[in-house]
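Taken from Swiss-Prot as is:
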type: COMPBIAS; residues: 204-224; note: compositional bias 'Basic residues'
type: DISULFID; residues: Cys40-Cys46; note: disulfide bond
type: DISULFID; residues: Cys43-Cys52; note: disulfide bond
type: DISULFID; residues: Cys55-Cys74; note: disulfide bond
type: DISULFID; residues: Cys78-Cys93; note: disulfide bond
type: DISULFID; residues: Cys96-Cys104; note: disulfide bond
type: DISULFID; residues: Cys101-Cys110; note: disulfide bond
type: DISULFID; residues: Cys113-Cys124; note: disulfide bond
type: DISULFID; residues: Cys128-Cys141; note: disulfide bond
type: DISULFID; residues: Cys145-Cys187; note: disulfide bond
type: DISULFID; residues: Cys156-Cys163; note: disulfide bond
type: DISULFID; residues: Cys196-Cys203; note: disulfide bond
type: DOMAIN; residues: 144-204; note: domain 'TSP type-1'
type: CARBOHYD; residues: Asn160; note: N-linked glycosylation site
type: REGION; residues: 204-243; note: region 'Disordered'
type: REPEAT; residues: 90-134; note: repeat 'FU'
type: SIGNAL; residues: 1-21; note: signal peptide
Amino acid sequence: MQFQLFSFALIILNCVDYSHCQASRWRRSKRASYGTNPICKGCLSCSKDNGCLRCQPKLFFFLRREGMRQYGECLQSCPPGYYGVRGPDMNRCSRCRIENCDSCFSRDFCIKCKSGFYSLKGQCFEECPEGFAPLDDTMVCVDGCEVGPWSEWGTCSRNNRTCGFKWGLETRTRQIVKKPAKDTIPCPTIAESRRCKMAIRHCPGGKRTTKKKDKRNKKKKKKLLERAQEQHSVVLATDRSSQ
C-alpha cells in the first residue's frame, strides 16, 4: 500500500500541470507514428503531409513530386537525372540541366547519357560530332582521325605515261594531321582517283601501237577497195556505151 502511494505521488509531481502532461504525451505519440513512416527515414524533422523537412548529415534532401502532391525524402544518393549539392545547412538534390542526360556530376557535366546517346566531354549527342568517333562498341566519343584538305588533282596519266592514250587517271591526296585515339578507329580515305582525258594523245616522235596501225591499214584497204570498185564501174559503163 505504501509503495502504491509513493508511485502515485511521483506521477502527481511529474504532472503538476495537466496540459503539459498531455502535450508531452502527444509529442511522444507523434514521434512514434512518424518514426514508423518510411517517408521520414533519415529525417531530422518530418511532416505527416509533406514528408522530410530536414535531413540528417551526409544525406541529401530530395523533393519528390507525384501528380499535384510533393513531399521530401532523405537519400544517400540522388536519383537519376539529379546531382548532389552539399551546403552548410543541408545537402540537396538538384536537377541536371543537360539534355538527354541520365546522371550528372554537376549542373553542366553529364557522366551518363540516356540510352542511344553518345557522351563527349560531359555532353550528350545523337552521334559523335565531326572529328570524333565512338570508342569500340561503347557510347563514348573520343578523338577521331583528323585529315587535312585535299591537294590539287595530279597529271592525267596511264601506265606511268602522260601521252599515247586518249583516257587516263588523275589522283589527289590529303594528309593525316591527327591520329585517332585508338588504332581500331578508321581514318577517312586519303587518296582518290578519277577518269580524265589526256592533253597529249600522241607522244612526240613515238611509235604508234600495233592496234592503231592495224586500224589505219584497214581504213586504207577500205579506201583502195572503194576506189577499185569505182574504176571497175567506169570501165563497164564505157564498154556498154561503145557497144
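Heads up, the Cβ atoms here are built off N, Cα and C, so glycines get one too.
Features recorded in Swiss-Prot, as mapped to the structure shown.
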residue: Cys43; record: disulfide bond; contacts (Cβ under 8 Å, 6+ apart): Gly51, Cys52, Leu53, Arg54, Cys55, Gln56, Gly72, Cys74
residue: Cys78; record: disulfide bond; contacts (Cβ under 8 Å, 6+ apart): Phe60, Phe62, Gly84, Cys93, Ser94
residue: Cys96; record: disulfide bond; contacts (Cβ under 8 Å, 6+ apart): Gly81, Tyr82, Tyr83, Ser103, Cys104, Arg107, Cys110
residue: Cys101; record: disulfide bond; contacts (Cβ under 8 Å, 6+ apart): Gly81, Cys110, Lys112, Cys113, Lys114, Cys124
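Residues 54-55, 58-63, 75, 78-84, 140-146, 180, 185 of the same chain lie 6 or more positions beyond the ends of the repeat 'FU' (90-134) yet place their CB under 8 Å from a CB of it. Same-chain residues at least 6 positions away in sequence with a Cβ under 8 Å from that of Cys128 (disulfide bond) are, in sequence order, Tyr118, Leu120, Pro134, Cys141, Gly144. Residue pair Cys187 (disulfide bond) / Cys156 (disulfide bond) shows a Cα separation of 27 Å. In the three-state DSSP scheme, Cys141 (disulfide bond) is classed as strand. The distance from the Cα of Cys40 (disulfide bond) to the Cα of Cys145 (disulfide bond) comes to 54 Å. A simple way to gauge crowding: the CB of Cys93 (disulfide bond) has 19 other CB atoms within 10 angstroms, across all the protein chains here. Once Cβ contacts within 10 Å are tallied over all protein chains shown, the disulfide-bonded residues Cys52, Cys124, Cys163 are led by Cys52. If you take the CA of Cys156 (disulfide bond) and look 10 A around it, the disulfide-bonded residues you hit from Cys46, Cys145, Cys196, Cys203 are Cys196. In the three-state DSSP scheme, Cys74 (disulfide bond) falls into the strand class. For Cys46 (disulfide bond), the Cβ neighbour count at a 10 Å cut-off comes to 23, with all displayed protein chains included. A simple Cβ count within 10 Å picks out one of the disulfide-bonded residues Cys110, Cys141, Cys145, Cys156, Cys187 as the most packed, and that one is Cys110.
Looking at Cys196 (disulfide bond) and Cys163 (disulfide bond), their Cα atoms lie 12 Å from each other. With DSSP classes pooled into helix, strand and coil, the tally for the repeat 'FU' (90-134) is 0 helix, 25 strand, 20 coil.
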